[in-house]
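The structure appears right after this line, and notes come after that.
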Amino acid sequence: MWNSLHMTQARRPLMLMILDGWGYREASEGNAILAAETPNLNSLLNEFPWCFLECSGEAVGLPEGQMGNSEVGHLNIGAGRVVYQDLTRINLSVRNGDFFENPVLLDAISNVKLNDSSLHLMGLVSYGGVHSYMTHLYALIKLARDKGLKKVYIHAFLDGRDVPPKAALADIRELDAFCKENGSARIATVQGRYYAMDRDKRWERSKLAYDALTLGVAPYTTSDAETAVSDAYARGETDEFVKPTVVTGSDGKPEAVVQDNDSIIFFNFRPDRARQLTWAFENDDFDGFPREKRPKVHYVCMAQYDETLDLPIAFPPEELENVLGEVLSKQGLVQLRIAETEKYAHVTFFLNGGQEKCYDGEDRCLIPSPKVATYDLKPEMSAYEVTDEVIRRIQSGKYDVIVLNFANMDMVGHTGIFEAAVQAVEAVDTCVGRIIEALKKAGGVALITADHGNAEQMENQHTGEPHTAHTSNPVRCIYAGKGEVKALENGKLSDLAPTLLDLLGVPKPEEMKGKSLILNE
């Protein structure tokens with residue numbers, strides 16, 4: 001099929017274009033995708049075959065009903081098989097009791113007992129299931145209780161993106177009540193993920209988070225965690241943006257700070273937003289900001305955050321063999337991965353099965369994301385710069401396969417600001433039109449799809465509040481280009497890699513359990 005066109009002197013690129021957050025929803029209320037002017041995508045949907053792909057729940061290795069996300073989506077896309085996610089693995093471990101015998105977690109507890117020190121549990125206090133899950137925190141609290149620990153402190157990072165913007169007050173109340181019923185754990189600090197979970201090296205944010213944890217110094221102090229959240233709401237801050245707040249005792253001193261010989265368990269399982277704080281604690285060569293204090297701690301990562309750091313991992317990664325990038329490399333094909341900063345890790349690390357390695361023949365291009373506080377201030381983000389560069393790469397004639405991600409619909413969708421999301425959709429549509437035109441001139445074709453939904457639902461239909469989380473809606477996949485493809489059948493994200501290989505005429509490895517979406521009839 002495609003290989004008959006491909007095996008000429010001039011390479012005709014096959015592109016996988018991932019429009020992050022481009023979900024499908026028929027209802028128009030709060031639907032930024034339907035509200036936007038999208039002549040290019042509309043034209044492609046009318047002209048070329050397309051299908052629906054499932055991108056949430058069991059279709060991507062998550063619990064039934066759990067919304068998808070970018071990490072999960074790109075893992076499944078690259079693997080060509082359903083990849084059972086850390087959330088699913090850890091949930092099962094809690095249910096069957098293995099969690100409470102996990103040797104890495106038990107080592108952290110043994111360190112506390114040996115040194116008569118403290119256990120710090122830090123992470124996102126959320127039922128979102130994207131970066132963490134409340135059940136895992138509760139299991140850690142029970143484990144500490146069962147092992148007789150008395151000094152257990154929780155550093156609560158608040159969500160507001162993968163759940164409603166003001167979900168934290170109820171979650172903190174629930175957590176506080178659970179702590180009182182299950183041992184002696186107490187909440188020591190509260191702050192929004194904007195500070196504690198930055199991933200774009202905005203070190204001034206990470207420093208505020210780190211100082212609250214290690215020095216007990218923060219913009220605000222409070223007598224209890226619930227008051228910290230309600231005071232933040234009174235200041236006009238939603239969960240994501242709650243400024244670091246230290247909980248103090250009756251003596252006015254911090255409830256707890258991280259000290260030498262303490263143990264830390266960072267209970268987030270998704271790596272990208274756990275790295276910066278981990279580097280601040282554990283990287284000897286860290287230069288993001290001056291560390292006034294660097295306690296020597298026993299530091300445990302719930303999952304692998306950075307393979308260059310030799311840290312204990314409670315749930316280490318399961319290696320995936322023969323992912324898309326590896327198969328293309330073995331075939332001697334030249335591939336490009338391109339995205340702006342916000343999604344660069346997704347088209348590289350996650351698409352390669354959660355591995356940092358770069359395959360032979362794999363080029364990578366990172367376009368910096370704009371340095372703005374929130375992306376509603378610049379809905380186009382760096383899409384135009386990404387487009388200029390990818391067109392230049394298409395015209396170079398160097399690449400057989402190009403994987404591109406546009407971050408806009410997801411990142412601007414997370415702000416909950418409808419008008420900005422509409423502008424984001426329109427910016428991406430303009431870019432899609434330019435790229436497809438360049439592909440046509442080069443004799444190339446594209447599969448245009450998404451990893452999950454977001455911008456199609458910007459409003460909570462029950463409360464009228466902004467909807468800032470991903471959705472569980474399906475996404476579309478368009479075959480855009482001339483050729484033999486007449487129809488596509490519905491599938492899931494793990495069918496994309498087999499489809500790309502089918503188009504290239506490359507045999508699918510047996511590890512890939514997905515199917516080609518191409519209907520031959």
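Glycine residues also receive a Cβ, built from the backbone N, Cα and C atoms like all the rest.
Sequence-distant neighbours of SER70 (active site, phosphoserine intermediate) (same chain, 6+ residues apart, CB-CB distance under 8 A): ASP20, LYS343, HIS346, PHE350, ASP410, ASP451, HIS452. Secondary structure from DSSP puts SER70 (active site, phosphoserine intermediate) in a helix. Residues or ranges marked as active site, phosphoserine intermediate by Swiss-Prot on the basis of sequence analysis: SER70.
Under the heading Mn(2+) 2 binding site, Swiss-Prot lists ASP20, SER70, ASP451, HIS452, citing sequence analysis as support. In the three-state DSSP assignment, the secondary structure recorded for HIS452 (Mn(2+) 2 binding site) is coil.
Among the features that Swiss-Prot reports, substrate binding site is placed at HIS131, ARG161, ASP162, ARG193, ARG199, ARG270, PRO271, ASP272, ARG273, LYS343. Every protein chain considered, the tally of other Cβ atoms within 10 Å of the Cβ of ASP162 (substrate binding site) stands at 22. The DSSP secondary structure for ASP162 (substrate binding site) is coil.
The secondary structure of HIS470 (Mn(2+) 1 binding site), as reduced to three states from DSSP, is coil rather than helix or strand. Of all Cβ atoms in the protein chains displayed, 31 besides its own lie within 10 Å of the Cβ of HIS470 (Mn(2+) 1 binding site). Under the heading Mn(2+) 1 binding site, Swiss-Prot lists ASP410, HIS414, HIS470.
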What are the non-local neighbours of ARG199 (substrate binding site), defined as same-chain residues 6+ apart in sequence with CB under 8 A from its CB? ASP272, ARG273, ARG275, GLN276, ALA345
Other than ASP20, SER70, ASP451, HIS452, which residues of the same chain sit close to Mn(2+) 2? List them in sequence order, counting a residue when its Cβ is within 8 Å of the Cβ centroid of the site. ILE18, GLY21, CYS55, GLY68, ASN69, GLY73, HIS74, LYS343, HIS346, ASP410, ALA450, ASN454, HIS470
Give the distance between the Cα atoms of ASP162 (substrate binding site) and HIS414 (Mn(2+) 1 binding site), rounded to the nearest whole Å. 8
One should report the C-alpha separation between PRO271 (substrate binding site) and HIS470 (Mn(2+) 1 binding site), rounded to whole angstrom, as 18
HIS414 (Mn(2+) 1 binding site) to HIS131 (substrate binding site): how many Å between their Cα atoms? 15
Taking the Cα atoms as reference points, how far is HIS470 (Mn(2+) 1 binding site) from HIS131 (substrate binding site) in Å? 13
Which chain neighbours of the Mn(2+) 1 site, leaving out ASP410, HIS414, HIS470, have a Cβ atom within 8 Å of the mean position of the site's Cβ atoms? ASP20, GLY21, ASN69, SER70, ARG161, MET409, MET411, GLY413, HIS452, ASN454, ALA455, THR468, ALA469
